[in-house]
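The active site, proton acceptor annotation in Swiss-Prot covers E184, and the record cites sequence analysis as its basis. Here Swiss-Prot flags D46, S47, D85, K115 as 3-methyl-2-oxobutanoate binding site, drawing on sequence analysis. Annotation source Swiss-Prot lists Mg(2+) binding site at D46, D85, E117.
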Amino acid sequence: MKKRVRVPDLVRMKQQGEPIVALTAYDYTLARLVDAADVDLVLVGDSLGMVVQGHETTLPVTLDEMIYHTRAVARGCQRALVVLDMPFGSTQNGPERTFEQAARAMKESGAAAIKLEGGQAMAATVAYLTERAIPVIGHLGLTPQSVHAFGGFKIQGRDQAAAQRIADDALALQQAGAGAIILEGIPAALAQQVSQSLTIPTIGIGAGVGCDGQVLVIYDMLGLYGDLAPKFVKRYLDGVPVIGGAIGAYVQEVRNRQFPTPDHSFEK
């Protein structure tokens, strides 16, 4: 059996200059494929609210739903570090209440770490969690749970003050004990600067090549949304015509009584 990745391994990978590979997953079947490909970190993101549930934002996702999906993903991962994304409203009620939520989430889901959004305002909470054996991955930049405060899904850190705030937030999270930080939707130069200033790794999504690792939403990189994927996504499969074509072929064969054939039937 392969050695399971833990949060300290991510720090070691940064120290050795080894890029960290991360992807999202939301179910057992895709988690098995991702894990078999030696992905280092599997994030069960609250992005499932959009790509699985069909919401316009991540905000409607509940902690119970995150636990449900993470439990399925954890069953499919033998090596990858499984991280549960704490949904909107589960980390904003102070360190003690957040600890209760996070401890329950890890206990019931099988996750080995949790992710939460926010910088200096969340530093006390991050410290409280890490002091109590809950590994934390931070998330800065275009944090989806703040979509309404941002006025939409907009690139962050473009002016000097905003860039400095992100850099200060990253340092605060590191000092609070975060094991890694996701940098999303910020200029590549800023992401590289932040990455070089930290001893913990950064994992970028729409943040350029200067981060210590990369993460993508798996449905985006598999091309399951046609032309709706963000600019920073590279499609490694054009999934809509491939999967849509397979479904269409099945429909036609059933309607034409071409399926099932004797090869797919039982005689006795």
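From the backbone N, Cα and C atoms, a Cβ is placed for every residue, glycine too.
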> Judged by the number of other CB atoms within 10 angstroms, which among D46, E117 is the least packed of the binding-site residues?
Replying inline: E117
> Of all the recorded positions given, S47, D85, K115, E184, which residue's CB has the most CB neighbours within 10 A?
Replying inline: D85
> Is any of the binding-site residues D46, S47, D85 within 10 Å of E117 (Mg(2+) binding site) (Cα-Cα), and if so, which, in sequence order?
Replying inline: D85
> Cα distance, the residue listed as 'active site, proton acceptor' to S47 (3-methyl-2-oxobutanoate binding site), nearest Å?
Replying inline: 13
> Could you state the CA-to-CA distance between D46 (3-methyl-2-oxobutanoate binding site) and the residue listed as 'active site, proton acceptor' to the nearest Å?
Replying inline: 14
> How long is the line from the C-alpha of K115 (3-methyl-2-oxobutanoate binding site) to the C-alpha of E184 (active site, proton acceptor), rounded to the nearest angstrom?
Replying inline: 13
